[in-house]
Each structure stands twice: as C-alpha cells, then as structure tokens.
C-alpha cells in the first residue's frame, strides 16, 4: 500500500508527499516550492562541479578521465575538462534553463486547474525529474565550439532581467515587512515593533554607507579608476534621492506604507550590485582580489607573467549573490502580497500564497488543497520564465561573470559584465522611484 501511495504522489496530480512539512497546504505554493527545489538541486550540483581541486580528484579515479589514471585494457572515456569547471556549470545551467523554458512555453495561458496542462504543472514529479536529468546528460555532449561564448551572452541578458526581478521582490518584501510591523505596533500598542523597524533601517543604511567608504578606499585610485569613482558617486547620489523622496509629505500621503525601510534595503542592494560590477573590471589596479584585501597585500603592480586564465571562482560577492538568490527564489515561491503594482509585475494575485488546511484522503495521506479551480493564483508560464532567468543568473554568478575565451580556453573578466550590472542597478533605482511617484502623477489609478 505504501508503494502504491508513493507512486500516486510522484505520478499523480497533487504533490502530497510534501504537504506534511510545507508551511502552506495549497497546491499552488507546494508546486512552486518543488520547482524551486529542482533549481536549487541543479545549483548544488554546479557548485560541487566548480569546487577547487575537483578535476584533480576525478583524474585519480582509475579508468574515468581522459589523461588520468588508467586501468589496463580499459580506455578512459570521460573528458574531465567538461564535467568540472566553468564548462560543467554552463552545461548544467543550460539544461535547467531549457527545462524551465520548455515548461514556460507549455504553460502559456493556463487559466485554472481545470486545464489539462495544470495536472502536468502540479504533478508527475518523477517524470519531470527524469526529463531534467535527460536534458542535463545531453547537454554534456554538446561540442565546445562557440557554445560557451554564445551562452555567455544569453547569460548576460537573462541575468540583467533577473537582477531587476530580484529588486522587485526585495521591494515587495520590504513593503510587506514594513506594513506588517506597523500594523502590529498599532494594533498592540507595543512600541517594540517601531523600535525594530528603526533598528533595521539604521543598520541597513550603516552597512550601505560603510560599503561606499570601503569602495572608495579599495576600488579607486587617485590617478586611475575613473569609472569606479563615477559608479560609486552616482549610486550614492541616487540612493540619497530615493531616500528623500520616500519620506516627502505628498508621497507619504499617497502611500502611507512607503518609508525609509524600503529605501534603506534598496540602497544596500544597490551597493551590492555596484560592488559586484566593480569586481568584474579587468583592470586589476581597480579590482583587487579578495585575498589581497584580506591579507593587506598590495595588488597595484601585478606581475606581467601571471596566467590570465587563473581565475578565482569563490569570492565574497559571489557568495552574497547566492544568498540573495536563495532568499528571492524561496520568497517568490511562498509570497502572499497585497502590493498591487508588484503583483501585476510578477503576474500573481493578491493573497495567492496563503494556505489552508490540507485534505486528508481515505488512505490517510494528507494532500494539497486545489485552490486554483476558479483561477490560478500565479502565472504558471511567468513563474517558469522567472526560473529560466534564475538558471542563467546562477551560471553567471558561479563563474563570476567571466567571459570564456575560445582561443586560450580561459576565462576573462569583461567590461560588458560591468556595464550590465551597473545599468541594471540604475534601472532598478528608477523603477523604485517610479513606484513612489506614480500615484502622484496618475491620481485616478489604484496603486495600493
């Protein structure tokens, strides 16, 4: 009986295996969590593949890697240059991107769970996992050629869009956070909620200001690094502008829940994107490595014979990027927002993530509630497109946005990556500023 129940969960129309541990028992939420788990699983595999020394360890396996330890009479079959390092990350993320893009195309214009395609969205997990594995295996047989160079530019464009989506999700999170804590303070007459909001606002501004100071110290030179000086100064000015605008009386009157908490979080995220951009500058005088910063070793005169293909995969901005990505991915899966503007941008409905009690079937198994019979609570197609972009962003983050060089088979820092990140930060700040002033420009529209 247990085997039959497990098979029905894996192959049926409701992901019942997860109902007991999920915070919500709604089909819509559990489905998004499982697809996000697929993405996180692929990310973990990519992280393992790019770990330093992984290729060396694989070559020690007898009869495995071409050019590695051999077994008499057995020919080594695997090219370990492809299954580890940046090539493996490109292929793994290519497979995930294809998987989610396929589902994004299939799920276009699904209106309710009565659509036959909704059963594919909310069930058949075992077969979907097999499809992902199959695409992944096939991706590792793609010839090198120009694949990495072409896919790099796909990654740049996709990551640009995903950075904006991350900013939208952070705006939505800060909005919900501020609204809930203010309501708690007003309903309970407990001033600790206001104290908490003030503390986090001050902390986020303090971190942003500290970041600006460190940027001027480590990423600029008196006679060089003009671009960095412009980037830091512009984003500092823009962050001051959005902070001032967010507390103007007319803005507060139109949007009572706007305030410095949201502005401080956006300012801090903007400084992260600025830092991330500057770490991709190929000019090493303006881009000291993390090792030199920590050990206080000057990097102003790099040796001319240094290997340009020697790259540092793991640095602080990459790790921070993964943490922000993890938070935004999980938040996108369980979010239940009353922010109409963000709901329109993210193609979700108000309260779509809230859950009910799971239904216990005749077999005693707790199953998810189908809360989408009358209409879906989020756009299936857009959600998969969001995960498609996330796959590209993960690829670029894990490889530090380095550009593959087909002639030397090395990875190089590139200025296009710098400009993509900086332009995304400016567009994101403009988007947040628009959410503040739009109710004043169009007073007849509902922006609540």
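A Cβ is built for glycine as well, from the same backbone N, Cα and C atoms used for every other residue.
Annotation source TrEMBL lists transmembrane segment at 33-54 (among others).
Panel annotation: around the transmembrane segment (89-110), residues 35, 38-39, 42, 45-46, 49-50, 82, 117-118, 120-121, 131-132, 135-136, 138-140, 142, 147-148, 151-152, 154-155, 158, 376, 380-382, 384-385, 387-388, 391-392, 394-395, 398-399, 404 of the same chain, lying at least six beyond its termini, place a Cβ under 8 Å from a Cβ of the stretch. Here TrEMBL flags 89-110 (among others) as transmembrane segment.
Feature annotation from TrEMBL assigns transmembrane segment to 122-142 (among others).
Marked as transmembrane segment by TrEMBL: 148-171 (among others).
Per TrEMBL, the feature transmembrane segment maps to 192-218 (among others).
Annotation source TrEMBL lists transmembrane segment at 230-248 (among others). Beyond the ends of the transmembrane segment (230-248), by six or more residues, the same chain brings 208, 212, 215-216, 219-220, 258-260, 262-264, 266-267, 270-271, 274, 277-278, 422, 425-426, 429, 432-433, 436-437 to within a C-beta distance below 8 angstroms of the stretch.
What TrEMBL lists as transmembrane segment is 260-278 (among others).
Taken from TrEMBL, the feature transmembrane segment covers 316-334 (among others). Only residues 6 or more beyond the boundaries of the transmembrane segment (316-334), in the same chain, are considered here, and those with a CB under 8 A from a CB of the stretch are 23-24, 29, 32-33, 35-36, 39-40, 43, 165-166, 169-170, 173, 269, 272, 275-276, 279, 290, 346, 353, 383, 386-387, 390, 393-394, 397-398, 400.
Long-range contacts of the transmembrane segment (382-403) within its own chain (CB-CB distance under 8 A, at least 6 residues past either end) are made by residues 32, 35-36, 39, 42-43, 46-47, 50, 86, 89-90, 93-94, 96-97, 100-101, 103-104, 107, 149, 151-152, 154-159, 161-163, 165, 276, 279-280, 311-313, 315, 318, 321-322, 325, 329, 332, 346-347, 411-414, 416-417, 421. Under the heading transmembrane segment, TrEMBL lists 382-403 (among others).
According to TrEMBL, the transmembrane segment annotation covers 423-442 (among others). Outside the transmembrane segment (423-442) by six or more residues, the chain places 160, 163-164, 167-168, 171, 234-235, 238-239, 241-242, 245-246, 250-251, 254-255, 258, 262-263, 266, 269-270, 273-274, 277, 341 with a CB less than 8 A from a CB of the stretch.
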